[in-house]
Amino acid sequence: MQLTVWTYEGPPHIGAMRIATAMKGLHYVLHAPQGDTYADLLFTMIERRDARPPVTYTTFQAQDLGRDTAEIFKNAVAKAYERFQPQAMIVGASCTAELIQDDPGGLAKALALPIPVIPLELPAYQKKENWGASETFYRLVRALAGQAVDRMPREGRRPLCNILGPTALGFRHRDDVIEIRKLLAALGIDVNVVAPMGATPADLGTLGAADFNVVMYPEVAKAAAQYLEKTFKQPFVDIVPIGVKATERFVEAVAKLAGVDPAPVLAGAPSRLPWYSRSVDSTYLTGKRVFIFGDATHALAAARIAATELGFKVVGLGTYSREFAREIRAEAAEHGVEALISDDYLDVEAAIQAAAPELVLGTQMERHIAKRLGVPCAVISAPIHVQDFPARHSPQMGFEGANVLFDTWVHPLMMGLEEHLLGMFREDPEFHDGVAPSHLGGKPRESSDAVEQATVVPPLAPSPAPATVDSITTHSPAPWAVEAEKELKKIPFFVRGKARANTERFARERALAIITVETLYDAKAHFGR
Amino acid sequence: MNAHASIPATAGCGVEIRQEYGQRAVFCGLTGIVWLHRKIQDAFFLVVGSRTCAHLIQSAAGVMIFAEPRFATAIIDERDLAGIADMNDELDRVVGRLIERRPDIKLLFLVGSCPSEVIKLDLSRAALRLSKSLAPDVRVLNYSGSGIETTFTQGEDACLASLVPDLPSEPAEAATSLLVVGALADVVEDQFARLFAEMGLSDVRFLPARRANEMPAVGRNTRYLLAQPFLTDAARALEERGARRISAPFPLGAEGTTRWLQAAADAFGVDPKRFEVATAPGRKRASQSLDHYRERLGGKRIFFFPDSQLEVPLARFLSREMGAELVEVGTPYLHRAHLADELELLPRGTIVNEGQSLDDQMDRCRAAKPDLTICGLGLANPLEAEGLSTKWSIELLFTPIQGYDQAGDLAELFCRPLVRRTRLEV
């Protein structure tokens with residue numbers, strides 16, 4: 001058993017729903033107890049869809065367990081087919097139905113419907129949402145893409161590709177697709193099928209006609225792309241074009257596969273991020289300590305952008321996507337930190353606390369942690385809430401995506417002059433230490449020493465020492481002299497947590513009995529900023 | 001299996017009660033945690049279930065997602081199912097970690113779910129064992145909020161029922177006391193306490209109390225009044241402790257509130273004059289505030305999808321006090337005895353539909369084209385997109401709606417979507 005305060009991913013059948021809801025003409029019959037229809041809300045409320053997801057639930061109850069739940073399932077499949085007339089169906093079980101073992105695949109097959117019915121095996125006690133989405137998409141592609149295809153000869157026509165990966169309930173998938181289409185159009189490449197978003201089962205039957213595939217989200221579509229590579233000899237690009245550099249590499253890779261010239265697309269200044277980041281107003285961003293957590297795709301991209309395009313210092317990097325742990329570990333090594341591979345919210349909380357960052361880039365869950373610690377935060381990855389399905393165009397990918405990222409990540413930080421003045425004058429009654437950035441309302445913090453405060457709010461369960469950087473929790477540190485404590489308060493609050501930790505570590509390593517003002521400055525000189 | 005079975009209408013009231021079976025678009029009882037964990041300030045709710053359960057509560061908790069919640073899930077994994085790990089040891093470990101993190105917790109509910117019920121994990125024994133090891137700091141109770149056994153608000157019923165055997169006993173010679181049962185907004189609870197006091201009933205208690213160690217005593221001299229229509233098991237548990245129910249409609253709207261208070265006054269022999277004096281100001285204010293909305297709701301045709309069991313009392317309020325017309329009143333479960341006074345007050349010929357077959361019910365709703373449809377969040381936006389005005393029903397559990405001074409607010413909740421529709425020009 002695992003104690004779970006917040007969960008980063010839903011169960012795997014939610015992943016399957018994301019595929020079914022993204023597509024058209026596909027219906028999903030889910031063997032599930034009464035109550036599991038809560039999942040509809042994710043789509044109708046969080047993503048604000050205007051139609052019910054194409055999902056029929058059996059919603060069995062306790063009194064049904066004594067009777068024939070298999071019969072209930074068969075009836076539900078038959079009725080769903082009759083009512084919705086889909087081109088294809090997927091059938092499967094939720095976690096509780098998995099325990100009663102009714103074999104949805106076999107039962108549906110026995111009905112001999114005149115459409116493809118694809119059974120899903122999604123082990124709910126082992127796997128999670130993204131795996132469920134990936135597996136469902138892979139099964140659909142396997143079942144519907146066919147075995148062989150007559151591809152038109154390349155001469156005399158524009159190159160043709162598929163775009164794979166965007167789903168329902170995906171973080172900015174809607175606008176990312178627009179950006180990818182824009183890039184491909186500018187390169188002179190035509191799009192054959194976008195899937196699963198907007199595709200029908202019949203569309204999946206034509207996947208083989210494309211020359212190559214673009215994998216937007218490896219978490220969802222890499223398995224399907226590998227299958228297509230094997231079956232149709234379609235190469236694929238899985239460089240995720242989030243960030244300026246990544247977008248350039250993506251354009252070059254796609255252009256190479258398509259045999260077109262990338263130069264016109266890369267010419268000029270396709271994104272404003274590089275200039276904004278070079279303009280002197282951004283100088284104060286240099287070395288800002290940032291902690292990054294999310295799904296692997298977005299965390300990897302964010303780490304590179306933070307370090308090489310915005311000039312931040314990455315002090316923590318992690319993901320809940322175990323499938324991509326290797327890539328995250330490699331990236332973390334580049335930044336000199338140890339990767340945090342965990343889906344335990346409490347571990348992430350402890351790691352953030354230990355790293356004492358000035359900015360957290362994470363999911364909806366990291367917003368909770370950052371709020372509690374009083375640290376600025378921006379959302380870069382699912383899980384997300386309704387405000388991250390905005391009405392306005394807000395991609396993460398491509399050159400426009402980079403513009404969005406610059407604005408979003410810098411926004412929660414205090415502006416440069418404000419930061420300087422706070423460092424110089426400490427007793428201004430309105431504009432003092434510990435107020436939030438004034439453009440965000442400037443409400444007083446609960447404590448003038450947010451990071452310090454965090455160590456006394458509900459004690460954290462002992463968790464495996466988050467190995468990101470020096471831990472502030474080990475052993476009892478030397479006591480602070482009163483003047484030293486006062487002097488510490490003069491350090492701007494967003495770096496104060498780090499200064500405290502460094503000084504205590506400095507004192508510990510030298511076995512000092514007490515921390516004085518001298519110790520504070522000795523430590524400062526020793527570590528540098 | 002989705003056929004209607006018309007069963008004989010309840011004697012005398014002229015209401016047609018139908019039953020329906022099929023796909024149900026309702027929450028499971030775990031959802032009750034979303035408001036209960038705020039009502040009982042030092043309680044914690046630990047669901048023993050799957051990732052689906054954890055995902056459900058975190059999705060349902062929606063807007064208050066930023067507060068430090070007093071609920072969590074112990075997620076069963078394959079090691080537990082394969083018997084590699086002893087589930088009881090695992091549960092003890094998880095509870096240990098939890099109590100360490102939240103030492104302020106005095107009452108811990110182990111909440112059963114579909115997976116834990118299907119594998120027959122004995123949470124009541126686990127609660128006993130943990131209660132012993134954590135005594136005296138933490139008491140541990142258990143109830144089931146599983147979807148296979150409970151629908152939405154029935155989770156509160158199960159929770160309160162689990163509290164009842166644990167309530168202190170009233171001395172046998174105690175004077176007759178009044179117990180109001182059902183989680184109410186604090187402001188509503190305080191208003192009712194004042195009204196009862198003005199009627200001369202000083203010994204009035206509420207279940208659940210706001211703190212674990214302040215739960216009311218119960219005994220043979222306890223008379224209880226249900227404030228919510230979904231408290232079947234809690235009522236039964238109270239009867240087992242010797243308490244007796246005061247039959248009444250529910251305190252929604254001016255009329256409902258008066259009849260509810262009147263039932264208590266009659267049971268305790270309150271002088272009619274004193275009742276009149278105590279309730280007159282409230283009745284006046286309620287009727288004043290309802291006047292604002294009567295024109296807007298009068299004659300409107302209303303369709304209820306099943307959700308919380310509040311549907312019948314709400315339909316009664318809307319038809320009798322606001323002049324609305326009832327197309328269909330869906331309810332997930334109908335307790336014939338507890339709702340008897342309500343059913344009496346519904347207009348003759350009202351169709352009350354117990355249970356659900358979702359697609360068939362949506363077909364009926366589309367065909368009827370009601371002016372306002374009360375439904376869950378899974379249906380609301382899709383029906384709006386089809387051109388129907390909807391009021392999402394879950395809000396009725398999260399908003400103070402009972403009593404005189406909330407009657408106007410209650411009417412306003414139903415008016416708001418109609419007003420909004422007339423305002424928007426885009």
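Any Cβ shown, glycine's included, is placed from N, Cα and C.
TrEMBL labels come from automatic prediction, so no person has curated them.
Just so it is clear, the model here is predicted, and its values are computed rather than measured.
Sequence annotations record features per position, and here TrEMBL assigns domain 'Nitrogenase/oxidoreductase component 1' to B:28-414. TrEMBL lists B:Cys28, B:Cys53, B:Cys114 with the feature [4Fe-4S] cluster binding site.
Mapped onto three states, the DSSP output places B:Cys53 ([4Fe-4S] cluster binding site) in helix. Reduced to three states, the DSSP call for B:Cys28 ([4Fe-4S] cluster binding site) is strand.
Every protein chain considered, the tally of other Cβ atoms within 10 Å of the Cβ of B:Cys28 ([4Fe-4S] cluster binding site) stands at 31. Mean model confidence of the domain 'Nitrogenase/oxidoreductase component 1' (B:28-414) amounts to 95 (pLDDT, 0 to 100 scale). All protein chains shown were included, and the count of other CB atoms within 10 Å of the CB of B:Cys53 ([4Fe-4S] cluster binding site) stands at 33.
Long-range Cβ neighbours of B:Cys114 ([4Fe-4S] cluster binding site) (same chain, at least 6 residues apart, Cβ-Cβ under 8 Å): B:Cys28, B:Gly49, B:Ser50, B:Cys53, B:Ser146, B:Gly147, B:Ile148.
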